[in-house]
Amino acid sequence: MELATVALPFLLAALAAAADTTPVNKSCVTGSAGASVSIGYGGASASAGVSLGADAYRSDCPLAEEIVRAAVDEAIAADPRMAASLLRLHFHDCFVNGCDGSVLLDDTPVFVGEKTAVPNANSLRGFEVVDAIKAQLELACPETVSCADILAIAARDSVVASGGPSWQVEVGRKDSRTASLQAANSNLPAPTSGVATLVQKFTNVGLSAKDMVALSGAHTIGKARCTTFSARIAGVGVSAGSANKDMGFLQSLQQLCAGSAGSSALAHLDLSTPATFDNQYYINLLSGDGLLPSDQALASPAGAEDVAALVADYAFDASLFFDDFAASMLRMGRLAPGGGRAATEVRRNCRVVN
């Protein structure tokens, strides 16, 4: 999908004018204490030497967020699925050695990047949107805004464009000079993961079980291929007490995946409100209509009691979910790479190191 080319001077003038009349949401969502579960948030934070804040570009690139937002809005208007794709890019970036833009790097003779990892191959999308954003930012303020920060801002803007909560993105990340195929294959949760595995994957990077449940709510938008939920069709995640309730939903999936498109067919992660960021995902789980086995497992009686209780809390309280999701996105955004600042840079092109 190609973005329409917009002349930068006209874009900057329009954005500057809009900034005078349309205030940017600067409220930093800190989460809610209303969840009736005992699991708590993890202590993920930026590593030493990486300082994140809301004002990193105020002087050097004051229109950075507006440039990203305009491009994200344009991309989603052309392809509503792009909101979920950009949000997913940020998640897959942060879970592999921190939020450092490594997921955007193409393969080189020196290393194999993360794009061909099992969780990413023929699945991640939105790279052209990031390229277009980076090109505009390089014209406005060269070598200033990192690719990692573009992913963080674009993820927030994608959620907002889909009707979800806003939060003040912390910026100041640097871009890695390498990537890790092995870490991408081992760190990212699989769509067939059970609750224990999901919790462990999040714990491994410094996030909690509560973060896991809240961030899983991102599956309220987007689509998945039949290959990712084939185990669900086979009955994985269906308990004896809910088999009848699940049957109609599972039969509809069987029909979709048995069609001419076969395993490449796409299904909405949330059949009820597929393009709206809301708490319907959790309502679906309580009804047995979670698409991925890893999704439906969150509400399973056989899973962790506190996890299932939090699913119910979010299903009945959209505001609680919005608050906790925003807070968990901030915590995930603080996951930082090791190796210190000497191993990072601000890339001029997000696909290659400088």
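Every residue gets a Cβ built from N, Cα and C, even glycine.
Marked as signal peptide by TrEMBL: 1-18.
Per TrEMBL, the feature domain 'Plant heme peroxidase family profile' maps to 51-354.
Positions annotated as disulfide bond by TrEMBL: Cys61-Cys141 (among others). The Cβ neighbour count for Cys61 (disulfide bond), using a 10 Å radius and every protein chain shown, is 18.
According to TrEMBL, the feature site 'Transition state stabilizer' maps to Arg88. The number of other CB atoms found within 10 A of the CB of Arg88 (site 'Transition state stabilizer'), across every protein chain shown, is 23.
The active site, proton acceptor annotation in TrEMBL covers His92. The 10 Å shell around the Cβ of His92 (active site, proton acceptor) contains 22 further Cβ atoms across the protein chains shown.
Here TrEMBL flags Asp93, Val96, Gly98, Asp100, Ser102, Glu114 as Ca(2+) 1 binding site. Cβ neighbours of Asp93 (Ca(2+) 1 binding site) (same chain, under 8 Å, six or more residues apart in sequence): Cys99, Asp100, Gly101, Ser102, Val103, Leu104, Ala148, Leu151.
Remark: Cys94 (disulfide bond) has Val205, Met332, Gly333, Leu335 as non-local neighbours, by Cβ distance under 8 Å and separation of at least 6 in sequence. According to TrEMBL, the disulfide bond annotation covers Cys94-Cys99 (among others).
Positions annotated as disulfide bond by TrEMBL: Cys147-Cys350 (among others). Long-range C-beta contacts of Cys350 (disulfide bond), restricted to its own chain and to partners at least six residues apart, with a cutoff below 8 Å, comprise Gly101, Leu104, Leu105, Phe127, Val130, Asp131, Lys134, Cys147, Ile150, Asp175.
The number of other CB atoms found within 10 A of the CB of Pro189 (substrate binding site), across every protein chain shown, is 19. TrEMBL lists Pro189 with the feature substrate binding site.
Close to His219 (heme b binding site) in the fold, though at least 6 residues off in sequence, lie Leu269, Asp270, Tyr281, Leu291, Leu292, Asp295, each with a CB less than 8 Å from its CB. As annotated by TrEMBL, heme b binding site applies to His219.
Positions annotated as Ca(2+) 2 binding site by TrEMBL: Thr220, Asp270, Thr273, Asp278.
Positions annotated as disulfide bond by TrEMBL: Cys226-Cys257 (among others). Around Cys257 (disulfide bond), taking its Cβ as the centre, 19 other Cβ atoms fall within 10 Å, counting all chains.
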Checklist outcome for this item: On average, residues of the domain 'Plant heme peroxidase family profile' (51-354) score a pLDDT of 91
Checklist entry - Among the binding-site residues listed here, Ser102, Thr273, which has the most company in the form of other Cβ atoms within 10 Å of its Cβ? => result Ser102
Item to check | Nearest of the binding-site residues (Val96, Gly98, Glu114, Thr220) to Cys141 (disulfide bond) - Cα to Cα | outcome: Gly98
Item to check | Distant-in-sequence Cβ neighbours of Asp278 (Ca(2+) 2 binding site), under 8 Å, six or more positions away | outcome: Gly163, Gly164, Thr220, Ala318
